[in-house]
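So the structure is just underneath, and the comments pick up after that.
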Amino acid sequence: MEITYASHSFADLRTASMASTTTAALTRPVRVIPMQHPNVASSSSPAPNVSVLRWVSKLRQMTWLEWMEFFLPCYRWIRIYKWREYFQVDLMAGITVGVMLVPQSMSYAKLAGLQPIYGLYSGFVPIFMYAIFGSSRQLAVGPVALVSLLVSNVLGSVADTSSELYTELAILLALMVGVLECIMGLLRLGWLIRFISHSVISGFTTASAIVIGLSQAKYFLGYDIERSSKIIPLVKSIIAGADKFSWPPFVMGSVTLTILLVMKHLGKSRKYLRFLRAAGPLTAVVLGTCFVNIFHPPSISLVGPIPQGLPKFSVPKAFEYAESLIPTAFLITGVAILESVGIAKALAAKNGYELDSNQELFGLGVSNVLGSFFSAYPTTGSFSRSAVNHESGAKSGVSGIVSGIIITCALLFLTPLFENIPQCALAAIVISAVMGLVDYDEAIFLWRVDKKDFLLWTITSTITLLLGIEIGVLVGVGASLAFVIHESANPHIAVLGRLPGTTVYRNVKQYPEAYTYNGIVIVRIDAPIYFANISYIKDRLREYEVVVDSATRRGPEVERINFVILEMAPVTYIDASAVQALKDLYQEYKLRDIQIAISNPNPEILLTLSKSGLVELIGKEWYFVRVHDAVQVCLQHVQSLKPGGGGSDSSRTSRSSSPSSFAQPREENRTSIDLESGYGKPPLSRIRDSQSEPLLSKEH
């Protein structure tokens, strides 16, 4: 690469390069890499339909195999499926999850305020549909505790849980959630959920788990409590009915819960006993049913008759209530994205395949839409069942199909056996499942790592507990967005200094040994520049102009700042408002004889600045590839501004010939290499010819 040598006295870098040999005797020339400026005339903005044309072109180039995978994601694993190797582990994983799903689905239906049969219906069609249209090979779809609580909380204020309208609204909600998920998947809008921070999600799920646990207390205590998603009414209701307390359901529920927790712990801690984790819910149901059939305790409430057979096809009803359910549908969709897509991506990474989050969202939507035509309420991916599916060795959607077959068999043949299941046993299954959602470890971690995230966690969990789920989610998301906006509007800005013996410039707060130069401020902006943060950036620049730490400054002693160098490598975007603000800042600096220099802008930023006329306004000679190039040019300008520092040829000759360094900081005559290195030793050995040593190697 050919290197251009330029002196500060030449605006044209090429002219400076040609003249460098004649000025060598006068002063050491400044060596800079020439900035490649874009041709604004040829860099016109792309046509608005370019992205559409590219998308159409991509569709035309797709093969029939890619079209099959696009419409039926299951084809991706079907065409590479190794039946002899995978089928046995998929069969065992599917049976394990299916055995776990049967009692869980009935428990979650009770939590949602529905009859247990609708939990089984929700584990029927959606599982088969997801196996076909979903892209995750390990995600276990079906009823989950959090969605069930949302359904109960919203529909409980619209209709009575024992009414037919309540059931119709739950099924309609499944259709609405499915449509929303399909639309978001097709429009590739899954990225919207990224604005909800992990601390908000953790705080929300922790509070929801506590509310779910308290709502199930009525089956343990033996008396009804108020249906609410707020902790205070629940606690008041529990205390108020204490005189109706019944020992038999409490003892039975507590024993069942203990068995579940012990089996879950053994299944997690010992690999050879991991089957116990999945067998826990079934064990609780079997033991409870046997106890009831033997002793017939009158004070323990039972599930009661459950219809036998598969659900019939029917179109969802009660569309006149659809408008009032839209906020809940959005909320459940958000929870589905957070809960399902998050774990699906994690499982895909563990099993070595790629997962498209938008395709995943579409698959969940299809399973909810088609499930609603067979009496299912909203479903999504389950953390616990997906983890069991993965630990059982599931390799493909075959495991989901096997689980669906088990639900089918339960609907066809086993529902008469479910009549005598104690409700306290189902409540114990729910409580054991949500206990894992109480994420106090995350709160401790956030307190140690980031107090702001801990504050978000605390706000979300507290508001959810005190004011309800909907308000808790809104406040949590609002607080999360407020933090994002605050960070964006108040970006990190650093003053840079030169690391001794190098041409590397770093944050002086992070590297206290880095030194700066008198008359020059080097500022790095670590964010896009746009209308919301430009005022903050201008205020900080004015502040840096006034507040000067003279202890770490070197070079010619001048009374004020003459140059402001903006390091723009981290800046990925700049809008019109920011460009206009930079123009105003330039004019403001010009009145005070301060020159702006721009370092290392990316091509898009440089093109925007060129189109706006800011490049011509500041001057192309003040745009540099590196911070060090800008510093070299500015240093020689600062030296020329000092009295006797560069006003005559004799002074230049004196500085060029003088061997003295900044070991004598009061000396006026200094070479350029001394200016760059400060009053210490120069970074390059003086035996080398500093004028012939380029920043990069020359190619002849």
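Just so you know, glycine gets a Cβ as well, placed from its N, Cα and C.
In TrEMBL this protein carries:
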TRANSMEM  86-103  transmembrane segment
TRANSMEM  115-133  transmembrane segment
TRANSMEM  140-159  transmembrane segment
TRANSMEM  165-187  transmembrane segment
TRANSMEM  199-221  transmembrane segment
TRANSMEM  245-263  transmembrane segment
TRANSMEM  275-295  transmembrane segment
TRANSMEM  325-348  transmembrane segment
TRANSMEM  360-377  transmembrane segment
TRANSMEM  397-418  transmembrane segment
TRANSMEM  425-448  transmembrane segment
TRANSMEM  454-485  transmembrane segment
DOMAIN    510-634  domain 'STAS'
REGION    641-700  region 'Disordered'
COMPBIAS  649-661  compositional bias 'Low complexity'
COMPBIAS  686-700  compositional bias 'Basic and acidic residues'
The transmembrane segment (140-159) vs the transmembrane segment (325-348): three or more C-beta pairs under 8 Å (separation of 6 or more)? yes
Would the transmembrane segment (86-103) count as touching the transmembrane segment (165-187), i.e. at least 3 C-beta pairs under 8 angstroms with sequence separation of 6+? no
Which stretch, 86-103, 325-348, 397-418, 425-448, 454-485, tops the Cβ pairs under 8 Å count with the transmembrane segment (245-263)? 425-448
Taking the transmembrane segment (275-295) as the first stretch and the transmembrane segment (86-103) as the second, find out whether 3 or more Cβ pairs fall under 8 Å, excluding pairs closer than 6 in sequence. yes
Are there 3 or more C-beta pairs under 8 Å linking the transmembrane segment (360-377) with the transmembrane segment (115-133), counting only pairs at least 6 apart in sequence? yes
Below 8 angstroms Cβ to Cβ, which residues of this chain, lying six or more residues outside the transmembrane segment (199-221), approach it? 111, 145-146, 149, 152, 227-231, 234-235, 238, 241, 244-246, 249-250, 253-254, 301, 338, 423-424, 426-428, 430-431, 434-435, 437-440, 442-443, 446, 453-454, 456-462, 464-465, 469, 472-473, 476-477, 479-480
Averaged across the domain 'STAS' (510-634), what pLDDT does the model get? Just tell me the whole number, please. 88
Using DSSP, how many residues in the domain 'STAS' (510-634) fall into helix, strand and coil? 58 helix, 25 strand, 42 coil
Name the range, of those listed as 86-103, 360-377, 454-485, that has the largest tally of Cβ pairs under 8 Å with the transmembrane segment (397-418). 86-103
